[in-house]
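Contents: one structure, followed by commentary.
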Amino acid sequence: MTNTEIAAQDHAEGLKQDARKAGARVGLTSDEIIINGGRPLTGRIEVRGAKNLATKAMVAALLGQTPSVLRNVPNISDVRVVAGLLALHGVLITRGEDPGEWRLDPSNVERAHHADIDAHAGSSRIPILFCGPLLHRLGEAFIPDLGGCRIGDRPIDFHLDALRKFGAIVEKLPSGISLSAPNGLTGANIELPYPSVGATEQVLLTSVLAEGQTELRNAAIEPEIIDLICILQKMGAIITVEPNRVIFIEGVKELRGYDHAAIFDRNEAASWAAAALATKGDVFVGGAQQEEMMTFLNVFRKVGGDFDVHDDGIRFWHPGGALKPVTIETDVHPGFMTDWQQPLVVALTQAEGVSTIHETVYENRFGFTDALNEMGANIVVYKDGLADEARRVKRREFEQAAVITGPTPLTGSDIEVPDLRGGFSHLIAALTASGQTKVTNLGIISRGYENFIEKLRLLGADFVFEG
Ligand code: EPU
């Protein structure tokens, strides 16, 4: 075996171990499921707080002088990773009577050993958001090598550049990155090269206690970011969201704890909606709301799905007849989210004609299509992006496009989950396919989908799970 092959094997083994740990953390006892597909999903499930808000809100609690209470927290492994990291830094975490209620007391924030941080961070990318709060609280911070989904390179240059502008000293070590702020942090003028979600959160979490004003241009304005701003405002921060992706932050001397219910998980909601469409089913997604999903709802309708918006959720169903192809470009908010494309691709394999999905946010986010092709889909991935002068966000080097020609019947196969969203799309493919599909490496899915096995059961899926 060559060194490259050994490295690839080690990498794959590392991913499996991460997935097993992730599954174990939320009570998954088995790493595989056998699905007998071809049955429509029908019934009602609930989605709770967004993974991409709850984890950040937990970090924000570090900034308060008094305890915070976060409600609607989903039982997913990414939340547990962040809870472990907070506990390592002295935050006392207690759970309320409602399992989704977490009380976070940062009265005794303390330094943690680098090796412990590294061991706890697992495959999460959230540790980078600890930088600003820890620099304020302790004058130093350490970030281990970051994980997250393997969907291409996920650099942290925007984060480090912003932290340097606030006055942090950044030192790269073999084990990670060490930061210090011997002279405190001061407000800065920052323009992001791209409206990055994480870098915008980094600036928010750092600027609120920095001395003076911060102006952030080309900021991300995802609903989860607005919810984080609401949390920071409850804590005493002064933040103004201006038109054209500009955010002003006036630093304050002190913040208090917050009491907040996390915004619903629109990525999970869209995933179940796509599952309803692909399986010709009818699923009521309790907790889903219209405003944050408008762009997805338009596409869902164009493809031929139908939905009804209710006060307590949205019902998604396949009204019969042929599904229609679409052309979509993933984008920052309010565009079509990158996390929505993978589940939708499965439904598009059942549409009559040629659909194109242009991925502009991440590189290598079409790896999951290999397994769909093995199941009978006709998806060709082009390494180059599509040219379009009308784009709001500048075209990036690594963009890819997938062309899906349908309809193609899917048949059962053995699939190994590659990443969070791709993994959920594999579950949908297994539910849509005729025959039996074994899906392994399930733990990755529990990073972001709460109780998904139970939800499959509630929706009448036919499967064997030894858990
Ligand atoms: N980027 C850089 N440098 C940086 C930061 C980002 O080049 O310093 C690039 C990334 O490589 C990527 C693009 O900017 O190509 C967008 O990244 P962004 O920072 O917006 O994403 P993120 O904060 O790392 C969050 C979510 C993702 C979601 C994206 C886009 C969390 C924990 N993750 O990632 O969610 O896809 O925003 O909305 O909030 C998921 O939930 O499965 C997931 C991947």
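Placement of Cβ uses the backbone N, Cα and C atoms for every residue, glycine included.
For reference, TrEMBL has these:
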type	residues	note
ACT_SITE	CYS149	active site, proton donor
BINDING	LYS51, ASN52	phosphoenolpyruvate binding site
BINDING	ARG125, ASP339, VAL361	UDP-N-acetyl-alpha-D-glucosamine binding site
DOMAIN	36-456	domain 'Enolpyruvate transferase'
MOD_RES	CYS149	2-(S-cysteinyl)pyruvic acid O-phosphothioketal
Could you state the whole-number distance in Å separating the C-alpha atoms of VAL361 (UDP-N-acetyl-alpha-D-glucosamine binding site) and LYS51 (phosphoenolpyruvate binding site)?
19
For the C-alpha pair, I'd like the distance in angstrom between ASN52 (phosphoenolpyruvate binding site) and ARG125 (UDP-N-acetyl-alpha-D-glucosamine binding site), rounded off.
11
Using DSSP and three states only, what is ASN52 (phosphoenolpyruvate binding site)?
helix
Any same-chain residues 6+ apart from ASP339 (UDP-N-acetyl-alpha-D-glucosamine binding site) with CB under 8 Å of its CB? Would you list them in sequence order, or say none?
ASN267, ALA270, ARG421
Please report the number of other Cβ atoms within 10 Å of the Cβ of VAL361 (UDP-N-acetyl-alpha-D-glucosamine binding site).
23
Measuring Cα to Cα, tell me the gap between LYS51 (phosphoenolpyruvate binding site) and ARG125 (UDP-N-acetyl-alpha-D-glucosamine binding site) in whole angstrom.
12
Check the DSSP secondary structure of ASP339 (UDP-N-acetyl-alpha-D-glucosamine binding site), expressed as helix, strand or coil.
helix
Helix, strand or coil at VAL361 (UDP-N-acetyl-alpha-D-glucosamine binding site) [DSSP, three-state]:
coil
In DSSP terms, helix, strand or coil for ARG125 (UDP-N-acetyl-alpha-D-glucosamine binding site)?
coil
Is it possible to get the count of other C-beta atoms within 10 angstroms of the C-beta of ARG125 (UDP-N-acetyl-alpha-D-glucosamine binding site)?
18
Give me the mean pLDDT over the domain 'Enolpyruvate transferase' (36-456), rounded to a whole number.
94
Max CA to CA distance in Å over the UDP-N-acetyl-alpha-D-glucosamine-binding set ARG125, ASP339, VAL361?
16
